[in-house]
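Feature annotations, courtesy of TrEMBL:
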DOMAIN    14-179  domain 'CP-type G'
BINDING   Asn58, Lys59, Ala60, Asp61, Asn131, Val132, Gly133, Lys134, Ser135, Thr136, Gly175  GTP binding site
Amino acid sequence: MTIQWFPGHMAKAKREVTEKLKLIDIVFELVDARIPLSSRNPLIDEIVANKPRIMLLNKADMADPDVTKQWIAFFATQQIEAIAIDAQSGTGMKQIVAAAKERLRPKFEKMEAKGIKRPRAMRALIVGIPNVGKSTLINRLAGKHIAKTGDKPGVTKAQQWIKVGKELELLDTPGILWPKFEDEEVGYKLATTGAIKDTILNLQDVAVYALRFLTAHYPDRLKERYAFSHIPEDIVQLFDEIGKRRGCLASGGVVDYDKVAELVLRDIRTEKLGRLSFDRL
Ligand code: GDP
């Protein structure tokens, strides 16, 4: 679906997340490990404010593992605990529960000290931009398919808790936040990774961005995938060469740039160029 985040929608989304925060002990901020900054909500610090928070770098299976390590180290310097996970296969799920437990230990010890014998389960909310994997993570943590994947606008129901073992409970509806729209480069990164629909930005522009990025950061992968001995510096020539090699031709044998753009983005999103990270330190 296409979400149009007008100021009114943003205010509503923020209000909804703020309401949910009242019910929970800890926030799991879900971001895309390939773009851990670009897939963050620009107002997340303000929105979450004083709740304990753990950042989950999802789709780590698709991200460049060295870069992911660098990001985790960077966030640590910002006093943000970050964990690389893969909600689809389930990698990192135990770590999430353990990290939440550790973070909330002081709070629960205080409750115990006050005579509350068996502290209740930790209550958590998953927040993140669309398509970052919130539903997949809820399903994975729940161990069965409770939350439906994909966003269902206009469907509201009472809040429900999903049990994750004995120690954790999740709100069944995640908090949906918006990405940083105003920044053009962020838009291209969101589009390249498939976080926003291809109809939002011009596909050729997105492919130009992606190819320039790959030329700068992953030249060997680009060479290998499209059989270049050297990568053409001129972007039109690069489109032409990829188009000719991969048969992206229109009638009359001229290269069809839309087809090239589609092919390159599909190759990136299906990991034909390997694990890639687009936000770099
Ligand atoms: P939501 O909009 O945040 O709830 O996102 P979804 O849970 O619907 O996931 C969006 C897409 O990302 C789906 O196609 C998922 O299969 C995929 N996805 C979610 N988590 C992962 C992951 O860790 N790795 C990979 N490779 N794909 C994932």
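Note: Cβ is positioned from N, Cα and C throughout, glycine not excepted.
Note that TrEMBL annotation is computational and uncurated.
Note that this is a predicted model, so its numbers are computed, not measured.
Projection of TrEMBL feature records onto the structure.
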residue: Asn58; record: GTP binding site; Cβ within 10 Å: 30
residue: Ala60; record: GTP binding site; Cβ within 10 Å: 25
residue: Asn131; record: GTP binding site; Cβ within 10 Å: 23
residue: Gly133; record: GTP binding site; Cβ within 10 Å: 24
residue: Ser135; record: GTP binding site; Cβ within 10 Å: 22
residue: Gly175; record: GTP binding site; Cβ within 10 Å: 26
Binding-site residues near ligand 1 among Ala60, Gly133, Ser135, Gly175 (Cβ under 6 Å): Gly133, Ser135
For GTP: widest Cα to Cα gap among Asn58, Lys59, Ala60, Asp61, Asn131, Val132, Gly133, Lys134, Ser135, Thr136, Gly175 in Å: 23
